[in-house]
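Copied over from TrEMBL, here are the features:
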type	residues	note
REGION	1-29	region 'Disordered'
COMPBIAS	14-29	compositional bias 'Low complexity'
TRANSMEM	34-55	transmembrane segment
DOMAIN	35-410	domain 'Major facilitator superfamily (MFS) profile'
TRANSMEM	75-94	transmembrane segment
TRANSMEM	101-122	transmembrane segment
TRANSMEM	134-152	transmembrane segment
TRANSMEM	159-181	transmembrane segment
TRANSMEM	187-209	transmembrane segment
TRANSMEM	230-253	transmembrane segment
TRANSMEM	265-286	transmembrane segment
TRANSMEM	298-317	transmembrane segment
TRANSMEM	323-342	transmembrane segment
TRANSMEM	363-382	transmembrane segment
TRANSMEM	388-406	transmembrane segment
Amino acid sequence: MTTPDPSVSLAKDAPTAAAPETTGAPARGSRPGLALLALALGGFTIGTTEFATMGLLTNIADDLQASIPAAGHTITAYALGVVLGAPLITVLAAKVERKTLVVWLMIAYAIGNLVSAAAPNLELLLLGRFVTGLPHGVFFGTGAIVGTAVVGRARRGHAVAMMMAGLTVANIVGVPLSSWVGDHLGWRVAFVIIGGLGLVTVVGLLALLPRTPAAAGATPRTELGALRNGPLWVAFAGCAIGFGGMFAVYSYVKPTLIDVTGLSVGAVPGILALFGIGMTLGVLIGGRLVDRDVMRTVYLGYVSTALALVAFGLVGASPVPAVVALFAIGVTSQILGIALQARLMDLSPAAPSLGAALCHSSLNAANANGAFLGGLVIAAGWGYLSLAWAGAALTIVGLAVIVLFGRQKITRVPAELLAH
């Protein structure tokens, strides 16, 4: 069973600017179900890797004899890899055949996880996490195009939903399991398992995906033209700042739940799974709201996320209210995230591939900002609950950027590109 993707509703009347290289019919000789399963496994692997560190942070800190803020830099390093890798690889690989690109991206992902697992110190772990983040954004953007080639444009929403189902399942299953593995077998084993999944995905991609040519006329120069769009950078800044509020809390959720809320180590995987369910619900709600009005959903996302963060700051020391507030953060942050992605894509119609890459860059710039600010707050001795207040402040600043500088009419967004 697939998890519905918020972009599916946007695709009904949207043009397919992102996939000029695909025809209306499915690719000859392809096995759609198995091919999409391979892409979904890739999404699961990437989603687990991105967020697993949140549940492994205390394990990494203890093993490498580092402080929690220092270990938190592993989250920032991954996010910076995505920020730099998404636009850079998109531009440099504009003419590369899509299946070949997806396969090499997943190979790099697997290698990055294995390097991280073998890191003897924090410095090499940071390098491994940075390398692992480089292919993240391009995989989802390119994978959506290849998935469309597999099933045909008439079922492109199904293709995107299948691939993104892997990311959704990662937040519900992969991240909690990684936390459990870290507690019982060690954080290195968790990264080895994820790296192994990446290699299995490579085999599946090689065997099951059809060859898909790059877009006709695609060049680095045409993609770079989108960077001259001022409103695009306003939206990028609003996302990079405002969406970081959630990551200020989520990056350090495990030590917060243990040291402040008073939950046991064994309870954390279940809470992470609940947070993942909240994120999934937020994606579904956000997709419907964005289909009605993008900017209203952006504003709603900012305000509701800020309120949820404030609530966690107020009740974080009490187990039941803290878990409820954390669930609310999962829901509201994903409503905001899906709306911000739509906004970014609508502002880059001339270069949809780079626009898709910038979506991932902005979201992971938010990841880096939130994790870094959270580390500073903890290092200053203000306590874990102060992370919620710092996160709320980031969210409000992001809203201010959009309100003051980002007012512009919105058009509809191609579903193939709306994938986080």
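Placed from the backbone N, Cα and C atoms, the Cβ positions cover glycine too.
Remember, it's a predicted structure, so these values are computed and weren't measured experimentally.
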For the transmembrane segment (230-253), the candidate among 75-94, 134-152, 298-317, 323-342, 363-382 having the most Cβ pairs under 8 Å is 363-382
Answer key: the stretch among 34-55, 101-122, 265-286, 298-317, 388-406 with most Cβ pairs under 8 A to the transmembrane segment (323-342) is 265-286
The mean pLDDT across the domain 'Major facilitator superfamily (MFS) profile' (35-410) is 87
### Message
Quick check for me: are there 3+ Cβ pairs below 8 Å between the transmembrane segment (75-94) and the transmembrane segment (187-209), leaving out pairs under 6 residues apart?
### Response
no
Of the listed stretches 101-122, 134-152, 187-209, 298-317, the one with the highest count of C-beta pairs below 8 angstroms to the transmembrane segment (34-55) is 187-209
_At a Cβ cut-off of 8 Å, and with pairs 6 or more apart in sequence only, do we get at least 3 pairs between the transmembrane segment (187-209) and the transmembrane segment (101-122), yes or no?_
yes
Under 8 Å Cβ-Cβ from the transmembrane segment (298-317), and at least six residues away from its ends along the same chain, one finds 242, 245-246, 249, 256, 260-262, 286, 289, 324-326, 328-329, 331-333, 335-337, 339-340, 343, 384-386, 388-389, 391-392, 395-396, 398-399, 402-403
